[in-house]
Amino acid sequence: MATTILNVEQAFYTGDYTSVINAEINDNSRVRELQARALIATKRTEEALEIISQDETSLHAALRLYAENKTEGLNEILDSNPDNATKHIIALVFAIAGEYEKALDILSSCAQSLDAVFLKVHIYLLLNKVSAAQGEVDAARSWANDHVIFNVAEALVCLRNNAAQKAFFIYEENNSLNATPSSSLGEAVSQTLLRRFPEASEAIKGTSSWDNEAVLVSSLALDLIQNNTSEVEELRNSLKKSQYSDAAAVIDIKEKEALFDEAVKKFKK
Amino acid sequence: MRMLTKFESRSSRAKAVAFHPTRPWVLVALYSSTIQLWDYRMGAIIDRFEGHKGPVRGLDVHPTQNMFVSCGDDQLLRVWSLSERRLLFTLEGHQDYVRTAFFHKELPWIVSASDDQTVRIWDWQSRKEIATLTGHNHWVSCAIFHPTEDLIISTSLDTTVRAWDISVLRRRYAAPGFLADVDNIARLGGASVPGMPGSVPPGMSNFGPTSIFGDDMFNTELTTKFILEGHDRGVTWVACHETQPFILTASDDKTLKLWRFSGSVAWEVDTLRGHRDEVTACAFHPFADVVVSCSTDETIRTWDLNTRSLIKTFQRERVKAESADRYWALRFHPKINLAAAALDTGAEVFKFERERPAYVASPELLFIGRDSVLKNAKNETVVDLSKNDDFKSLEPLDLSFNSAENTALLTLTAGNTKDERNSYALIPLAKTRSSTAPTVTRSSCLQALFISRNRFCVLVNPTELEIRDMENKLTKSLTLPVETKKIAPAMQGHVLLLASNSVVLFDIQQRLVVAKLQVKNVKYAHWSPSGAHVALVQKHDITIASKKLEKVAQVFETIRIKSVCWDAVLPVLVYSTFSHLKYALMNGDNGILRTLDETLYIVGSHSRNVTALTRGSQALKLDIDPTEYRFKLALVSSNFAEVSKLIQNSSLVGQSIISYLQKRGYPEIALEFVQDPQTRLDLAVESGNLKVASEVAAQLQGPAYDEILATAALEQGNHDILEDVFLRQRDFDKLAFIYLVTGNRSRLQKLEQLAMQRDDASLRFQTSLFLKSAETRVQLLKDARLAPLAYALAKSNGLTDEAEQLLEESEVNADDVHITTFDKTPTAAIAHETWKENWPVKTPTTVNILDLASLSINDSTATAEITESIPADAEDLVLSGDEDLGDEWDLEEQLEEDDLEIDESAVSSVTDEWVRISSLPADHIAAGSFETAFQLLSRQIGVCKFDVLKERFMDVYQANKMAVSGHESLPSVPVYVTRGPDNVLPYIPGFDQLQDRLNEAFAQVKSNQLELAVDSFRSILQTTATIAVENEQDDAQVHKVIETCKNYIIAFSIELKRRSLPSDDVKRNIELAAYFTKPRLRNAHAILALRTAIVQASNAKNYSLASHFASEYLKLDSSSATAEKMRKNKSRWDSAKTMDAVDINFDTVAEFDIDPISLSPIYGNQPSVVEPLTGAKYHASNNGEVCAITGFTQVGASASGLRLRA
């Protein structure tokens, strides 16, 4: 259980939402913000709204829209010249709606906000702009003070920028502070990039409690690399479960299978 | 002097470091027993070498052989191969910790120092110890070979430094029989140098393989040349100057001592004091008069070799505040200006000097390097500042030149600390003034730059810019809108401000921001000769922008971009990376021009000539072949005259250019390059060039090709070609229909005659229907003895006579035949005789570029039309034209944000990149570009049945894609598993498991599950067809696996076939049993085959055949009980002296292959065809069939062969 703000942040950014939600630190707006975000991330919208409704700041207005997943009304909040935390949430809602450019535009005015850096890095990587993401991290390094958000953001970039070893150090450190499936996944992926497949398999065991698309996709790749035929079968079946029917990776696989069949038809002699 | 860190690794305590002489690798020895191999340029660990028990203390990489030596507390030296990444051998002998081990530059020797108080010399060729040097009376901490003299210098905790003369050992080593002597002495326990038994002159230090603790009792010719005494405590390290007789030692007494020697005399020159704790290592700078030392006081210090004074102390920030970060070792790179150090928390690679010369390229080239000599393009000295005291210890950072006043403006850095300010100097270059020394204006600043004929600007601090005149008088002071890190020139009265997040074009007169572009950390800006574009150089990217700072394109690199330069005439950017000279076009396309032996800074490019500066500050000229970019430029600007000229006059070929053309939408041009008929067909169809397509299809001769052609012809409404195709295919049904719909009655009639000749009833029926010729049909029905039908038809068509006759002949009762009312409309007239010419339904994009060339020269309107017919994205490409094309192009106007956005993402997508740079099917599969993968597979190994590969495709596609979670509520971030040293191409699974899967299949053979085994081998073949490997060895191994699979599949297909034969087919049974022995199998399996053959042959009383196989058997197995029995049987069969009972098709003498489809022999003189993947031979009659071995490739397909390496 998280007992200090630092602990709560560590837990939040390494994906340990349960600890964040259960943290008992009263009267701290940052903790309440993270709790609300954790609840939203785990789709417990009702409880999130309960926390959010305790206050009436622009941040809470933004969080409310985030919980309800609505983009209408965001611009009004933005017009009131809100603080960085609020802008970050607004940008996040736009990003969820796929409006990445808009999100980046909002974030560009968030000076010295690690949340903003993290979100920017994530968006850049989704847009495959690795050097831009690297630039964000480099620019933030001097003032980030080794904060957990910065480390997680840096690890993301490292994985895409041929620096898996560094990413591994970060995930390993996070895992040693507070072991979470999310950090274990990072550890497993970085070990895989470093071609230490047995170690990666060991690390990915730490994700077993987490039913998540990224875990399945990564485990699948790792088992394919090691030719663990039965596990591959199992994972492919898991991915067919209905809860992942709209997951990007699953759709991609379906598309690729169709693409293959189409190509076969085209090449049929 | 500054310390620029290039690479840092974090790990447990590192005790030694060593550079690879040629590759960007550094080895780090850890206290935890591991040795790491890092690529310091990529910052990635490449490998780790485990083996030492306990700490590793010493490391050295051989200067030419690809191997290294390590030593440590397990008292062993280990020699490792870097190419094979494995331990080669260990050297045992030391009886305590081994501290250092170094290779000799020429001789195959290693010298090692140990706590057992000895220094030993080893021969790594014979892997033997050849000498032991005793004399130190405490632990020996370090021992090295002198770089030029025949000396070993060793240091010890006994406070002394000893120099040992090894010239005798070298002479003896060269003598024959030396190593044999070493052996003898070692065996006999002798205690002397080989070849020197007996006489022992006293008073000399001794040596000998076994006399470890001996004193001066024994003889040796390895004398101590001199002993250096002076340190107060133990000596830890020694370094020798490469050219001068200097020795530098480091000691626990916190000092360094510099010694000089001459012959056998040596003396102390000076003591370097300053370290606050034990000095752990030291080194001479490879080219500057500087020595470097490191210490447990957590500093690296540099000292002036001439004055022996401290130059600078470097202390890095601790990784963790509470734990110390002591330095343990220090090494310079043997060739490059780099150094590496080992610390408590890992290792770092750094350099002390900037190597980039400061230069200005226009209007003429001027540059200045470390030597402080300003030179011009001819390498002539313009001004020599090295003698000027004002420039002492200043490093030129940036140069600006004013041609009007012939004055240079130099920004200099003292570089002492990070925060220290730079200064600038105005240097008049007038010839007459060369004698008068220029004065340095040491005003503190960040940078200074000319902005007009008589003004320069000085960046005083990140937000303040001063404008000064030529007298260095302040005229104006401006506040800047952004935190500016650097400034770069721009058009008159403007300056470019390079901030950390953006580039700003600033109008100095109006103090206005003219334009702003969001680009991060731009280091340099280079304007195109016309001033219309600017290239903004970041660490790994180049952003090309217009003069209004609108982004035009971006080029991505994985390694650092060193310099860029615009071509003087063409809109091409030439740039250099660490090892390559490359070009970029204005649409973001880039490519390699040539590799570079050394890092160069490109300062000028004009057609074939490139001017560059070396790190040693020399200007030189390079030749390049600009064909590739000129070709792309010509394409982009639709200059087809140039395109055709280039195609005709230069050797511009290759997969890359073809795929480039295809991808960029110029299939018709790609067609001009391709010889391979299959590809030509694809391209011809794609570009709608039916003429070429039909020629090629006729040449290829296959129903599949005809089909492709027919489809394309139909789409274009070209029934002439359709007719040809259907004729060739003898597809008369379709042919008849074509004639019908085009109204070609005469041809239909001909077809009807043909049908009669061929006695093809159904075709006759159909043509008669199409021709509405009832007579023919009645006749047809009559022939078919369907009298009632014939009657009905005749009657209904008003052929009364015929009907009557039928009634008579066939005894049909007219009442029984029910005749439906018949529409008596006469045959419709043909409204349009389509058959007379083709009916174009789709305009082909056919462009004959050779014709085009003449057109574009003679008639500009024709070119314009053709431009229109070029596929859509060509329009984007037109953007890349430059002002040279003329104003009417109005580039800026056409530039729309959205287009660029799309273009950029297309360039940068990871998987697109894989497709772009690789021609391996596996990489295309991994990228999800299945269609191109199919093309490659079919082109390379003749794959014709793709569906069986589906599972493998999905495996390859998914095996390199992982994901990690990032920000909450957003999709996970994709991560790609890559392969190879540069981590660009995707990881392809399968290679590591090939051997295991083979073994599994062998096990299935052993347990007689032959169907399963054959399936297993086939599945391995599927993997090998879609795999990628990294080196030649692995490549060869895959080919070996393919060969094995081929042999096993054919062998067991034969056996399976034999088992399924009816029991009475004796002849075939023996034949197959005999063929079973033909493919090369492992001995254990070959025995099975032979035994089967023997049993079948002897059962059928084919004794001489049985005897033949028995003798084959005995070649493999001569000792077992079965072999004994076999011998007996054989002699029985031999004595039978009867002819074989059954005559079979099997020649025991001649070599032959077995056709996998018909399972019959192919003798050398018979025509045969080959399957491209496995190389299996088939009878020529099986050409075009699906291969019976692989099940997915085509026999006799024209293919370029399996490619496994990118």
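Cβ coordinates are placed from backbone N, Cα and C, and glycine is handled just like the others.
Caution: TrEMBL annotation is automatic and unverified by curators.
Lifted from TrEMBL, the feature list:
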type	residues	note
DOMAIN	B:382-608	domain 'COPA/B second beta-propeller'
DOMAIN	B:655-796	domain 'COPA/B TPR'
DOMAIN	B:875-1204	domain 'Coatomer alpha subunit C-terminal'
REPEAT	B:49-90	repeat 'WD'
REPEAT	B:91-132	repeat 'WD'
REPEAT	B:133-167	repeat 'WD'
REPEAT	B:228-259	repeat 'WD'
REPEAT	B:272-313	repeat 'WD'
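Looking only at the repeat 'WD' (B:133-167), the predicted model's pLDDT averages out at 93. Long-range contacts of the repeat 'WD' (B:272-313) within its own chain (CB-CB distance under 8 A, at least 6 residues past either end) are made by residues 1, 3, 236-242, 246, 248-252, 254-258, 324-334, 337, 339, 341, 352-353, 416. In terms of DSSP secondary structure, the repeat 'WD' (B:272-313) contains 0 helix, 23 strand, 19 coil. With a threshold of 8 Å between CB atoms, the same-chain residues lying at least 6 positions outside the repeat 'WD' (B:49-90) that come near it are 15-21, 25, 27-37, 96-103, 105, 110, 112-114, 122, 124, 127, 334. Beyond its flanks by at least six residues, the repeat 'WD' (B:228-259) meets 138-139, 141-142, 144, 146-148, 153-163, 266-273, 275-284, 286, 291, 293, 295, 303, 305, 308 of its own chain at Cβ-Cβ distances under 8 Å. Remote same-chain partners of the repeat 'WD' (B:133-167), defined as residues 6 or more beyond its termini with a Cβ less than 8 Å from a stretch Cβ, comprise 96-97, 99-100, 102-105, 109, 111-115, 117-121, 205-207, 211-215, 222-229, 231-240, 242-243, 247, 249, 251-252, 259, 261, 266. When DSSP labels each residue, the repeat 'WD' (B:91-132) comes out as 0 helix, 24 strand, 18 coil, counted as helix, strand and coil in that order.
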